[in-house]
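Asker: Annotations per TrEMBL:
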type: ACT_SITE; residues: Asp229; note: active site, proton donor
type: BINDING; residues: Arg53, Gly54, Ala55, Arg87, Gln188, Asn239, Lys240; note: substrate binding site
type: SITE; residues: Cys149; note: site 'Transition state stabilizer'
Amino acid sequence: MTASSSATGIRPIIWADDHLKLIDQRVLPNEERWVDCRSAAEVADAIHGMAVRGAPAIGIAAAYGLVLDALAGRDYEAADRVLMESRPTAVNLRWALLRMRELKSQGADAKALLAEAIRIHEEDLAQNLAMGEAGAALLPPNAVVITHCNTGALATGGHGTALGVIRSAWARGRLSQVYNGETRPWLQGARLTAWELLYEKIPARLIADGAAAHLMQREKIDWVIVGADRIAVNGDTANKIGTYALAVAARHHGVKFMVVAPSGTFDLNCPNGAAIPIEERPPNELTEFRGSRIAPEAMQAWNPVFDVTPASLIDAIVCERGVIEQPTEQKIRALLG
Ligand code: MRU
């Protein structure tokens, strides 16, 4: 089995009859290693430890995590709790667990829960393909775009959100160049997005995160295209740290800013960005690199891993249900009910 065995390219999450296989995103692209999970707790560890990451992907993995404990006859509420607490910002995790909880409350057995987890997985791929088309249609011919973090097949059920738009645009001959930010400190851009872009043979250049504003000043960039971990009802959007800086720079340079996310990423109970919980990870993710110190021993660090882009800086949110231009609460409620 390989990470590249499906028609859409890369499959990071595989249900293997009685357990879950996750490609270990911590060691890609140097190594293709798989993590085998046999309980909800092991899936929660894989989510918290970043073996699986990306908002839709952790929702899908969590749904399978519940199935593992249901098959083994373990306590459902305990499984739900450990998965719910595994990461705080991406609302797709909560969305998938609530969807499974709803079915469970109607008396679903392990087999029915598995069927639902597979549905969540397959629906995500279909949604990404729809968003890919809708987002690509917004780009001018020969578009030059910047993207951030990894929002591709690795982060989703396949194809990707922002990277899905890039894939679809490339397939339709609408794209001439992608710049992808390295995405400190986990390097999702340098390791994972670069790997996916090379796999698709899409013309791409890696940039340091701090080079983006300079690039917009020097070269004609058409769109910044990013994913999302949670979209508040007013359109404020949490995504990987550095996204907000990209949005500010984009507005200053007249570059358009697109957010691509399925309906499970919207949190209609969250009034605005200030109410979105922002995950802070351990300081050593900044002070060390692959086990070696890069900052002096006594150095303190602050490591928020997401930030919030205000709706006013977003030109379009692309969802599988449609495109919202200049997002407002009214438009979001009209599309998502
Ligand atoms: O910390 P990560 O790697 O899980 O963060 C991922 C992102 O911020 C992505 O941009 C987001 O989840 C959208 S992925 C389709």
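Note that Cβ sites are derived from N, Cα and C of the backbone, with glycine treated the same way.
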Asker: Residues other than Arg53, Gly54, Ala55, Arg87, Gln188, Asn239, Lys240 within 8 Å, Cβ to Cβ centroid, of the substrate site?
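Answerer: Neighbours within 8 Å of the Cβ centroid, excluding Arg53, Gly54, Ala55, Arg87, Gln188, Asn239, Lys240: Ile58, Ala90, Cys149, Asn150, Thr151, Ala155, Gly227, Asp229, Phe306.
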Asker: Between Gly54 (substrate binding site) and Cys149 (site 'Transition state stabilizer'), find the distance joining the two CA atoms and give it rounded to the nearest Å.
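Answerer: Gly54 (substrate binding site) and Cys149 (site 'Transition state stabilizer') have their Cα atoms 9 Å apart.
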Asker: Just counting, how many other CB atoms are there within 10 A of the CB of Ala55 (substrate binding site)?
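Answerer: The answer is 27.
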Asker: State which of the following binding-site residues has the fewest other Cβ atoms within 10 Å around its Cβ: Arg87, Lys240.
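Answerer: Looking at the binding-site residues Arg87, Lys240, the Cβ with the fewest others within 10 Å is that of Arg87.
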Asker: Provide, as an integer number of angstrom, the distance between the C-alpha atoms of Arg53 (substrate binding site) and the residue listed as 'active site, proton donor'.
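Answerer: The Cα atom of Arg53 (substrate binding site) is 11 Å away from the Cα atom of the residue listed as 'active site, proton donor'.
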Asker: May I ask which of the binding-site residues Ala55, Arg87, Asn239 is closest to Cys149 (site 'Transition state stabilizer') if we compare their C-alpha atoms?
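Answerer: Looking at Cα distances from Cys149 (site 'Transition state stabilizer'), the smallest one goes to Asn239.
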Asker: What same-chain residues, at least 6 away in sequence, bring their CB to under 8 Å of the CB of Gln188 (substrate binding site)?
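Answerer: The answer is Gln25, Arg53, Cys149, Asn150, Lys240.
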Asker: Using DSSP and three states only, what is Ala55 (substrate binding site)?
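Answerer: In the DSSP reduction, Ala55 (substrate binding site) maps to helix.
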Asker: Counting only other Cβ atoms and using a 10 Å cut-off, which of the recorded positions Arg53, Gly54, Cys149 scores lowest?
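Answerer: Among the recorded positions Arg53, Gly54, Cys149, the lowest count of other Cβ atoms within 10 Å belongs to Arg53.
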